[in-house]
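These notes concern the structure reproduced below.
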Amino acid sequence: MVWSEPGREQKTKLKSDLKMNLVVVLVMFLFCGLTLAEESPADTETTLSGYHHYVLGLQGQLGAINKKLGALENRLKETENHIEDQKRKEGYRVVFSASADGGGRIGPFKTDTTLVYNKVITNIGSAYNQHTGIFTAPVRGVYYFSFFYHAGGEYIVFLSLMKNNELVGTTSDHSSSFDTADNGGNAVFVQLQQGDHVFVRMRSNSHIWATHRFTTFNGFLVSPS
């Protein structure tokens, strides 16, 4: 995409006008000198007075042109900064997908535990940490997250998607002696600020099954803002 810079034509025109006015002033002074050499003292005084007012008028015009040029340069700089900021934001690509792979059951634990999805499938932008299980937003915007589990029936399943300390989604299942295998999940769109943390918390006394990439945590940046 070619980015245009508003104000270039106006700025060029004003500079051209400024140069033209300076040329006019020089020509008028030259003409004034030649005329004064041929005029009488009285006529010379009248002519000088007229040219004095004319020069003052030109100075006022030049001052107005300089003021407009300064304003245009400020607007142009703001526009360029805005374009660069948009290009920088649009350049962010954030996509991750990871699975919990521990060769069997994880949990139950006596306390709530951050679930670590230790096998990275995709991590464009390097925003997900496979050692802590925490995703850190690199830029402000709207993100999409999904999380899925596979579990047995001996213990309950209760997973919470957390934004910092705020609950944004859950998925769960009760224990059962008849239903020996369960699958579930949830997905949300979340507005994040730069530096916000998103992770999956497993409630105490619950569990998941970590094998064959059944249990995954996924997310991507939808739109920077």
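Just so it is clear, glycine is given a Cβ too, placed from its N, Cα and C backbone atoms.
Database features (TrEMBL):
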type	residues	note
SIGNAL	1-37	signal peptide
COILED	62-89	coiled coil
DOMAIN	89-225	domain 'C1q'
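With DSSP classes pooled into helix, strand and coil, the tally for the domain 'C1q' (89-225) is 2 helix, 80 strand, 55 coil. Confidence across the coiled coil (62-89), taken as the mean pLDDT and rounded to a whole number, stands at 73.
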